[in-house]
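Participant: I have a structure here, written as structure tokens, and I will follow up with some questions on it.
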Amino acid sequence: MSIVRMTDLALSGKRVLIRQDLNVPIDQGRITSEQRIIASLPTIRVALERGAAVMVTSHLGRPKEGVWSEEDSLAPVAKRLSQLLGIEVPLRRDWVDGVQVAPGQLVLLENCRMNVGEAENDEALARKYAALCDVFVMDAFGTAHRAQASTHGVICCAAIAAGGPLLMAELDALSRGLKHPVKPLLAIVGGSKVSTKLELLSNLVNNVEQLITGGGIANTFLAAAGYPIGKSLYEADLIETAREIITVAKARGAEIPLPTDVVVAKQFLPGVTATVKTVDAIVADDLILDIGPQTARHYAALIETAATVVWNGPVGVFEFDAFSKGTEVLARAVAASSAFSIAGGGDTLAAIDKYGVADQISYISTGGGAFLEFLEGKTLPAVAALQARSG
């Protein structure tokens, strides 16, 4: 991918502004998950070790522009960065018009979404960001799909704009998995609604050899194939769309395997009685809440033969133990596979954590919405801007 990389630049004595994704959950001043902070450390350390004067900013939550609030302040993040790096990390509240920072020093710049014009990608604000630095580094893949002043405008205005190690690792992995995959390519797409994954499904069906669906999405495909689904979650108005996707797959010689058995209950509650049924035996008051054991074994066998696996979404209500087996079998199959595997999406990450297979997945994307848009085949604004600057 044609993007200037931070790691290829001489940074000694340079003022370097790094846009990170430090949007961590905070409860009463306490950070409850520091995954994104940990992920940012290698980039920051490289810049410091190379003698740069380092400024880091990020968004946190959705503050009102032009209004500082303690609730949306990066103060807890500054404190944690200081502890992890073993250096003082001062937080600068008013920084748009200038920041004092020396080579080898790190300062954290307050929540960039508090700045008026950030969300609208205001050019004047972007130029002020650019004036702060000799080198701007975009390292926040999780916000690469948003055209904002700190993720897009500044890239266009900065003297030098580069991709940070975290961003480039994400793009390299996604390109390997989707743009230049070793075949066969298998995708797992779960979730409650076809409508939220329609562009994703439509893009993947043109690239994969197998497309496994789960959750309410699979129910819609079952209904499209003429199977009864009882009172299960599905989208009647997208049955024809599901049929069109199946037709595209068949025309390419690709496969969208449907469940042959499922796990059902009468109510959507933890602790209810779970029953395995074949898909042609569903009655009016059944709720399909997981794939059945026969289907899980079949899908696991398909995963075993894949060379590249892309996973987004569970195949059942894995939060309830009675309906977690399908997702567990697939998670363990992906983990055991020799394929290059990419997983992303909040529920997917939760499943990976639940079954303890993170170390066996080739790449876990923390990108959220940016990950989904990449899977949909969309061009991410920040990535497009970095590519334009590399020329």
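First residue shown is number 1, and so on along the chain.
Cβ coordinates are placed from backbone N, Cα and C, and glycine is handled just like the others.
OK, Swiss-Prot features for this one:
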type: BINDING; residues: Asp21, Leu22, Asn23, Arg36, His59, Leu60, Gly61, Arg62, Arg113, Arg146; note: substrate binding site
type: BINDING; residues: Lys197, Glu319, Gly345, Gly346, Asp347, Thr348; note: ATP binding site
Participant: Counting Cβ atoms within 10 Å of each candidate's own Cβ, which of the binding-site residues Asn23, Thr348 comes out highest?
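Facilitator: Within the set of binding-site residues, the most crowded position is Thr348.
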Participant: Compare all C-alpha positions of Lys197, Glu319, Gly345, Gly346, Asp347, Thr348, the record's ATP binders, and send over the largest distance in angstrom.
Facilitator: 21
Participant: Indicate the candidate from Asp21, Glu319, Asp347 with the smallest number of other Cβ atoms within 10 Å of its Cβ, considering only these binding-site residues.
Facilitator: Glu319
Participant: I'd like to know which of the binding-site residues His59, Arg113, Lys197 has the most other Cβ atoms within 10 Å of its Cβ.
Facilitator: His59
Participant: Which one of these binding-site residues has the most other Cβ atoms within 10 Å of its own Cβ: Gly61, Gly345, Gly346?
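Facilitator: Top count of Cβ atoms within 10 Å goes to Gly345.
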Participant: Rounded to a whole number, how many Å is the Cα of Asn23 (substrate binding site) away from the Cα of Gly346 (ATP binding site)?
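Facilitator: With distance taken Cα to Cα, Gly346 (ATP binding site) is 14 Å from Asn23 (substrate binding site).
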Participant: Measuring Cα to Cα, how many angstrom lie between Lys197 (ATP binding site) and Gly61 (substrate binding site)?
Facilitator: 24
Participant: Can you give me the Cα-Cα distance between Thr348 (ATP binding site) and Arg113 (substrate binding site) in Å, rounded to a whole number?
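Facilitator: That separation, Cα to Cα, works out to 28 Å.
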Participant: Between the binding-site residues Asp21, His59, Arg113, which lies closest to Gly345 (ATP binding site), Cα to Cα?
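Facilitator: So, spelling it out, the nearest of the binding-site residues is Asp21.
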Participant: Work out how many Å separate Asp347 (ATP binding site) and Gly61 (substrate binding site) at their Cα atoms, rounded off.
Facilitator: 20
